[in-house]
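S.K.: This is the structure I want to talk about, given as structure tokens.
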């Protein structure tokens, strides 16, 4: 990136300069235009008919779960299918009771169940119980190892078992060397056998090797799993039909929400007022669908997407346009949190600052109506913290200062934005988002630090080359290379190891007993999953290429054929 001379008219309060040198990033424009502004509502009669079908099918699934009360493996398979098809939220109580029953009888009481000597069944049992927070031991896999402690060679012929064990290993916590070995073993052998497998198992293996289920977005994974599940003769027709109908009903809701947000975003005219910033409303909404897609979180989505667009624009003001003096003024204005600070800002900054206050005032009114006004203190404090972090990074960039890796991370974990986004994600979640829950979050527990680490490390690994080309602050990669005298490849390897540990910390943080209600923990896990998906190969939020467009289209454009 080159510093570009920008006419002073863009900042009319600095009349003593003829031109200002600015670090323009030349971000690509939105690829969507006004694609999502207009939404044609479905015929009410048709929607009502679909909703009736959904209710009937839900009752059928409930009956099937209840009928399998003494058949743990059958229950596990039904639960797994509901989760993979994206409809588990309809059966939270039933699934909770079923898994509790299975845990007590098969683990606490050590009662054998059908398939307890089968790798695929045991791995499924382990994964589903771990996903639900149960501290089941990985010692259950000892029976599949030989006298020397290696996994038996005979397992190489069990592709389904290897796949299920591979998926289970991604729920490991620190100290579980057996699962570390299992991951290496299964990954190696699945890569060897995948070309010899038939559809749909071959497709399942390829997909899992690219995107493990535990790190994927449930809504996105459901789109992929529909065709896989349908291809198996053993699929449950009621489950499949329910999932497709429910997907389309939810898609209509999401499109309606996005249309509303698109009109709001267009009315702000940020694309014109901040042409240097990323215009990413649609990508932001996709991000938020990864945090929660369920209908009961509609208000929460509307809150967080507005704040998300604000912080994305602020990030780019600090990162790709503002001068150091201008940024100091904006930082002070955020700390004061007062409309009276507007007059102290450069002209181009005023629409952003005013919009931030307007968005927060709108949220504050909603919180007041709910009797939850206390939440706004946390939301404002997090905004102040992240803007302070942006300011620190801007100073480093201006001074061409390369901090130590530890100094860098002390700021970069904040600017990764994941404590900020987690805080905002709690605002619309109802009574479970108590003052105690926010205090817990602000105590910076290990799970939130791990989530921040994943966000920061993956961002740096995928975007540092583009950012260094445009004169960005030194990324974690550069800081690590300089401090430890290693190559870029070695730095990436160290970052990968840190990512592995961070995911284990997240898994540990999701185990019982829960420090806060489980749905609040799930927001942290879900936000981390979004990073794994969007930054898996490169920064698809900034550079919206075909893979990202296809993902968005699958959730927000293309309906399921029922």
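Residue numbers in this text run from 1 along the chain shown.
Each residue, glycine too, has its Cβ placed from N, Cα and C.
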S.K.: Among the residue ranges 305-309, 310-314, 315-319, 320-324, I'd like the one that Swiss-Prot describes as motif 'DDXXD motif'.
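M.R.: Checked against Swiss-Prot: motif 'DDXXD motif' maps to 315-319.
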S.K.: Go through 315, 319, our binding-site residues, and report the one whose Cβ sees the most other Cβ atoms within 10 Å.
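M.R.: Compared across 315, 319, the most Cβ atoms within 10 Å surround 319.
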S.K.: Please compute the mean pLDDT of the model over the motif 'DDXXD motif' (315-319).
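M.R.: Its mean pLDDT is 97.
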S.K.: Where does residue 319 (Mg(2+) 2 binding site) sit by DSSP, helix, strand or coil?
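M.R.: Residue 319 (Mg(2+) 2 binding site) sits in a helix per DSSP.
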